[in-house]
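Checked TrEMBL, it gives:
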type	residues	note
ACT_SITE	Ser27	active site
ACT_SITE	His54	active site
ACT_SITE	Asp145	active site
DOMAIN	15-203	domain 'CheB-type methylesterase'
TRANSMEM	21-41	transmembrane segment
Amino acid sequence: MRDRFLRIRRQRNRTLKTRDTIVLGASAGGVDALTAIAAALPERLPAAVLIVLHIGPHPSILPEMLQKAGRLPAHHARDGERIVQGNIYVAPPDLHLVIENDIVRTIRGPKQNFSRPAIDPLFRSAAVARGPRVIGAVLTGHLDDGTAGLAAVQACGGITMVQDPDEAHAPDMPRSAMRGTAPTYVLPIDKLASTIAALAGSATNETPSAPSPALLSENELMLRPDSIAHMAAVGVPTGISCPECGGALWRLEAPPPTRYRCHTGHAFGSETLGAAGDHVIERSLWQAVRALHEKKALSTERAEYYMSIGEQKAAQRFAAQARDADEAARALEQLLYKKDQSS
């Protein structure tokens, strides 16, 4: 009887899917949030943890910090290594971290939401590869990276979590994720950490469903960037230029939330693209201020020169140009300083 019971249990374990994949995304203030989660995870965690923190190309000792804070080994992910439960995999500097089948990939692809590593690619790839086995959590950070990825986790049957924005160091990313999805949990970081620990390894009640063609296509674009023709098939042209490369942006609406992508692979959420537009406008206005200051200086020099040789009309003309340039520069400066005070 005991042997029969053990055979049945082994068979059940082979067929039963468990929540064995935890993906975490954070930006500003994320080190404290991530170390709090690492400290709450048990030594024999029946899940792998994959983490993206917005660090750009800068050296990082995050794996060492996480390992010191908790009980699990942590390291920067290596391209092609197998995913093993009880380990923490951290996106290396300047590389996207994604899941492909049962291995991790580190890819120096185009930035997404002005970040590399970015959160959306990890979450989206986890959703495609592991469906309801995924627990995804968006933590503190600015703008909206992670929203589209968390929506993908939700669409594929995974559990979605958001750090309570009222306690987050930077509440933008949690609030965006709450607008873009219906998270399973919205919790302060200590309760979020204990909930992740409790859910890790639990049986999934979801029947795995195939990811939508649009989600599969977008995930494939991260792994293998495609052509303009492919983008035209999955998105709607916007007439907006990519702030990274200047190429055309397409709007992708399925699955929600709305995001924007160019054919070279740069991708943006609505909040990030809006912030980029503000930056471009401000930069252009300051360039105009600089040009007007230079015009004033040059016109003043020419006015003084023509005055010195007795050509009054020419001197008056250039003096008027200098005054006009000065007035225009002052008007733009007032606009820019007013914008800074109101933001």
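Using N, Cα and C of the backbone, Cβ positions are placed for all residues, glycine too.
Are these features on the surface or tucked inside, and what are their neighbours?
Ser27 (active site): 26 other CB atoms within 10 A of its CB, across all protein chains.
The secondary structure of His54 (active site), as reduced to three states from DSSP, is coil rather than helix or strand. Cβ environment of His54 (active site): Ala26, Ser27, Ala28, Gly30, Ser115, Pro117, Ala118, Ile119, Gly141, Asp145 lie under 8 Å away, each six or more residues apart in the same chain.
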Can you count the other CB atoms that lie within 10 A of the CB of Asp145 (active site)?
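If we count other Cβ atoms within 10 Å of Asp145 (active site), we arrive at 33.
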Pop the mean pLDDT for the domain 'CheB-type methylesterase' (15-203) in here, whole number is fine.
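Mean pLDDT across the domain 'CheB-type methylesterase' (15-203) comes out at 96.
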